[in-house]
Ligand code: SF4
Ligand code: ZN
């Protein structure tokens with residue numbers, strides 16, 4: 001099959017657009033979508049200057065998504081003195097998994113000359129995910145703990161680096177799954193929060209003074225295309241899956257979404273365009289009357305309770321059985 005834009009051999013066919021693209025046109029189209037998203041979400045602040053640049057912290061796990069995000073952000077902003085990139089990796093304490101992906105992070109940031117910081121659950125909270133999965137005092141999936149710890153570290157370190165923005169590698173599949181999960185759970189306030197936390201254009205979000213704003217510039221690119229980009233660009237991505245991955249509901253949604261997309265190409269895109277419009281309305285409707293945040297009595301993190309969720313989990317994990 002030939003590329004629709006030139007005479008080279010096509011390396012991919014996107015059923016949702018009908019396009020066949022060669023390696024060159026495909027990688028350019030991924031980069032174009034990411035840059036358009038950065039523009040449309042208004043991520044580059046007007047007042048950033050070479051003397052006072054904006055600091056963007058990238059959550060870099062070493063998986064294909066965050067590796068592709070880091071590479072494209074570097075290619076886009078390396079020559080732009082208004083933006084300073086910092087990569088932040090988290091060591092969860094998962095034997096045989098995280099060490100290898102951290103090697104990928106090291107290799108990438110060294111080759112791009114990006115500042116790279118690594119923080120660990122062990123040092124920060126005194127826990128390792130392998131032990132958490134074993135002890136499981138709250139009787140939850142490992143990812144439920146891990147997500148709380150990760151969010152805490154990302155926002156705390158984004159704060160510590162005086163970051164203007166926290167960027168993560170969520171792709172189109174991730175976001176469409178989250179959207180569908182929020183629909184199915186019937187949680188409109190969650191949808192409003194999603195808009196204000198990471199989905200809406202920066203200047204349309206309700207001000208969140210309790211955390212650094214987040215952004216997901218890869219969210220227009222399907223997962224398979226992110227993987228193909230990493231492969232074609234020969235990026236040092238780590239592909240093994242975490243041994244504790246078992247988010248039951250998301251797994252079901254994932255399978256449902258793949259089936260829908262196969263039978264009705266374009267489903268993920270249409271879910272997201274409808275969801276974004278609804279999320280904007282929901283954020284607007286909830287805007288004023290949102291919960292107010294105080295500080296956690298233990299760690300000072302923003303929380304609506306006396307003790308934040310992370311501190312409650314660490315405490316439960318410390319208790320003797
Ligand atoms: Fe943590 Fe779950 Fe991701 Fe493993 S799959 S790193 S346990 S969130
Ligand atoms: Zn706390």
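Even glycines carry a Cβ here, placed using N, Cα and C.
As annotated by TrEMBL, Zn(2+) 1 binding site applies to 3, 6, 22, 25. The ATP binding site annotation in TrEMBL covers 59, 60, 61, 65, 90, 169, 174. What TrEMBL records for 296, 299, 308, 311 is Zn(2+) 2 binding site. The domain '2-thiouridine synthetase TtuA-like N-terminal LIM' annotation in TrEMBL covers 2-26. The domain 'tRNA(Ile)-lysidine/2-thiocytidine synthase N-terminal' annotation in TrEMBL covers 56-190.
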Taking Cα atoms as reference points, which of the binding-site residues 3, 6, 22, 296, 311 is nearest to residue 90 (ATP binding site)? 311
Is it possible to list how many residues within the domain '2-thiouridine synthetase TtuA-like N-terminal LIM' (2-26) are helical, extended or coil according to DSSP? 4 helix, 8 strand, 13 coil
Close-lying binding-site residues around ligand 2 among 3, 22, 65, 174, where CB distance stays under 6 Å: none
Can you tell me which of the binding-site residues 6, 22, 60 is spatially closest to residue 299 (Zn(2+) 2 binding site)? Compare CA atoms only. 60
Using DSSP and three states only, what is residue 169 (ATP binding site)? coil
The number of other Cβ atoms within 10 Å of the Cβ of residue 22 (Zn(2+) 1 binding site), counted over all protein chains shown, is 20
How long is the line from the C-alpha of residue 308 (Zn(2+) 2 binding site) to the C-alpha of residue 59 (ATP binding site), rounded to the nearest angstrom? 22
When DSSP is mapped onto helix/strand/coil, what comes out for residue 90 (ATP binding site)? strand
Using a Cβ-Cβ cut-off under 8 angstroms and a sequence gap of six or more, which residues of the chain neighbour residue 311 (Zn(2+) 2 binding site)? 296, 298, 299, 301
